[in-house]
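Note sheet for the following structure.
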Amino acid sequence: WELNGSFYQPSAFLMMGIPGLEALHHWISIPFCALYLIALLGNCMILLIIKKTQSLHEPMYYFLSMLALTDLGLVLCTLPTTLGIFWFNMRRIGFDACLTQMYFIHILSFIESSVLLAMAFDRFIAISRPLRHPSILTKRTVMKIGLVIVLRGMVSLLPIPFLLKRLTYCGKTELSHSFCFHPDIMNLACADIKVNVFYGMIILLSTVGMDFIFIVLSYILIIKTVIGLATKEECLKALNTCVSHICAVLVFFIPMIGLSMIHRFGKNVPPLVNTLVAYTYLIIPPALNPIIYSIKSSHIREALLRALRRKSE
């Protein structure tokens, strides 16, 4: 412990694996390794296919590249500490290292939320203004949107580590997960955390909350536009282009909302439920997104099959 008058700060935190199943961590690591491997290979494959296929150099696939990069970042943020616990029981993480991991996990989560909103906007423009779509979402515009998304996440979350460093911590250093999460660290403090709670709630609602609301509004407008189309075939074709994005939105937002609610209101929720929701939130979307887009996007699927044929020849 570092002592400065009445100010106490731990030198390190202790991370938790899966409570009650510590003896099975080596076996539990097998499905986790599979999910991490799928996420790493799948997202790298998406990036490589989009880069090498000229016909995929369109706004929809530029945003998909951003999503794949974000998912890779989330995987690389949590993989070392999660597998470190499962394989070697390495539970200790330095205070500053924990804050750094927490900062990047939250930034990448906010970026993923914003990218999903940008993809919803792209689908709305493509369906409602198909002729103007190329002129509205140019390559330069997509790059600007990407830059704004990254800056928004970095700037909005920049005060969080400093708000945690100013707190006094008392005795308990055990985190609830195998990664560092803002509410988890905050709840270990014995000082007044009202500022942290208020700032965290405001940032969450003004970023991820607003993103979700605008995504829902985008799909209300998309459905309204699709209903006005002449034939049933045109309606189904237009909606089919949105299926993969809707799946990605649900896979990301449902666990995230669940984890936020548990941390803020679920004090009586069993630790195992809390842990499983957290892993679902950070590991399942990066693993499922490449699969969803490979199955539903005929362009991605065809490009992948062409690449596989070239390798086999």
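Glycine is treated like the rest: Cβ placed from N, Cα and C.
Automated prediction, rather than curation, is the source of TrEMBL annotations.
Here is what TrEMBL records for this protein:
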- 24-50: transmembrane segment (TRANSMEM)
- 42-293: domain 'G-protein coupled receptors family 1 profile' (DOMAIN)
- 62-88: transmembrane segment (TRANSMEM)
- 100-121: transmembrane segment (TRANSMEM)
- 142-164: transmembrane segment (TRANSMEM)
- 197-222: transmembrane segment (TRANSMEM)
- 243-264: transmembrane segment (TRANSMEM)
- 276-295: transmembrane segment (TRANSMEM)
**OP:** Run the contact check on the transmembrane segment (243-264) against the transmembrane segment (142-164): 3 or more C-beta pairs under 8 Å, excluding pairs closer than 6 in sequence.
**Re:** no
Subject >> Range from 24-50, 62-88, 197-222 with the greatest count of C-beta pairs under 8 A to the transmembrane segment (100-121) >> reply: 62-88
Original post:
Against which stretches of its own chain does the transmembrane segment (62-88) lie, if we need a Cβ under 8 Å and a gap of at least six residues from its ends?
Top reply: 15-17, 25-26, 28-29, 32-33, 36, 39-40, 43-44, 46-47, 50-51, 101, 104-105, 108-109, 111-112, 115-116, 118-119, 122, 139, 142, 146, 149, 178-179, 248, 282-283, 285-286, 289-290, 293
